[in-house]
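Comments concern the structure below.
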């Protein structure tokens, strides 16, 4: 009320038959207090008047007193009277609580008890009260529970607050407001459990304003009302509601949260505020600085209480509660009330009245939200998301939830160009988060991609669609996510992408769907019937990418190439083809240890740290038409040089091959070359037929013996001093048909009639070209060969 404005006139309260005539109930137009007026004597008072003694019913007759005789009877009567004044015996828990806190009747309330409006007092036992509770699924557990307030006018709120309520467009209280308001006005502890978007914020703010008006504390001595919230977004949202509905009543408020400078927050505290909305972490920091006093707090609210306790704020909350006097009123407003949290909450509340909207023990989703659960693979998520976004009306607000901050940023960048999206998560600074939320509220950025940091308590109007791109890590978070739409009586739509890795939540998700009368997909029911296992039968011998391993799942989660498919990329491609890698000739090439050891020089250049070699390799790949042939020829020449360097190793390999008759491991594909018949007359070291590679002693099939002295052709090879720098690393197509062993024999027995290209044609030389200038990078093994003279 501004200065110079006449105070509002009082108004009559609803008729109360229990009032003696001619008393009438009045409501103060300025403060909203209920008081009583006698029009005959013009006397007003806050205490409810009692009827005259002549109108009181006669008391019941007392039983005749027992006969008394002697001193012992008088002592016995004295003990009986003292016992009758002693309160009933209670358990140790009640005694411990009363030692720290006084009873509800002796809390920090004003000297005159503020009664409920007469309409609520007389309707507590009215049949319409039970009908109202049954219609709105209200369950109340506690003592002396008043009837719900069905209209704002009967709540006893001052005209300033009523004007703000009417300006906000509220026609009647929500069920949680209607039942929790009269309980809170009686200075009782409250546990209010209701679905998201049910108006819990005003459920504790308006009684808190009435509490402030009754006490008339000095704001400079500290706040009177303290509200704790788990996240910065929820805290700022509560502050906005407190400022909007408390401005006309001259109620000052401030918000304390991390991620913002402390200077402005400390200045607000120094000026004095009535209401403090804070996160536990920042409030503890300011308490350690001794810049705030909570000795005057008598109205404590824990919004999203289960969330704060689940997030690990229990030590901070207990530390804050120790700074608050025990004579206080505590209220917990939340959407869920798990059994694990009830034990902790018993230490913070005294004889609370529990008000539940809907089911008591199970999670309940808003029935006004249409839930669509789609079983989908990770690689199909982005394409389906784009289809949903294109089907929405232009300018519709869509909220998308992801589980990781990295995915949140990447998905926002992908959608920004087409739809205009922004991201919000815990790594964003407070200014960035406020800017993103401002753009989302105004419609400048109609799509918001968020993590669970924005899932609890975020109240943004006109959110049409909520999309769970990644299923949350708990079914409680799912209820809070979809609760961002369908608020304040509106309807909404929720889409949920459900993958095989989320199968452990299938049974709980079905309960949520059935509780809200939503359709349950058949695939989801089948998954739940299998005990939460995946929906597809997995092949034991499938590759990792086929089984949906970690790499393929990660790549598909981030959209794959171009953000559309879940291609696993180069790493997964090599893994998936490791066991089944087929060449052009149809034979299987095992990419095991042997292949990695015999990688050609071009492959080694590929992993070279030198940018120059990498560029050369990229140019050679564009000019080479037969990379596999170049690799085969280079592999065999390298094997022959490694055998020829060590005479001891050569003799050792010869003895091993002669004694055992077993084939040496091929440096190439590791396969044995078998011939249809064996001829022991052939000499192993001097082959006349290059197609025969049998062992001379036992006639068993063996490998080509590469342990020999270098030939003149080898001495003039690429590592010899006479090398002219122009050579190739591939063999002719005709020699390649018989495999790598034949290529080795061609290099061992060259054709005299062939041109001096070391057994290769010009076509082969062009195909195996490595560099534009024909140079080959130095190799330490080549230098060792040159120093040894090229032969042993």
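Along the chain as shown, residues are numbered 1 onward.
For all residues, glycine too, the Cβ spot is worked out from N, Cα and C.
It should be emphasised that the depicted structure is a prediction, and the values quoted were computed from it without experimental measurement.
Annotated range for motif 'DEAD box' in Swiss-Prot, selecting from 299-302, 303-306, 307-310: 303-306. Swiss-Prot tags one of the stretches 150-178, 179-207 as motif 'Q motif', and that stretch is 150-178.
The binding-site residues under consideration are 197, 199. Their Cβ neighbour counts within 10 Å are lowest for 199. Neighbour list (residue 195 (ATP binding site), Cβ cut-off 8 Å, at least 6 residues apart, same chain): 335, 357, 358, 364, 365, 366, 479, 483. Secondary structure by DSSP for the domain 'WW' (17-51): 0 helix, 12 strand, 23 coil.
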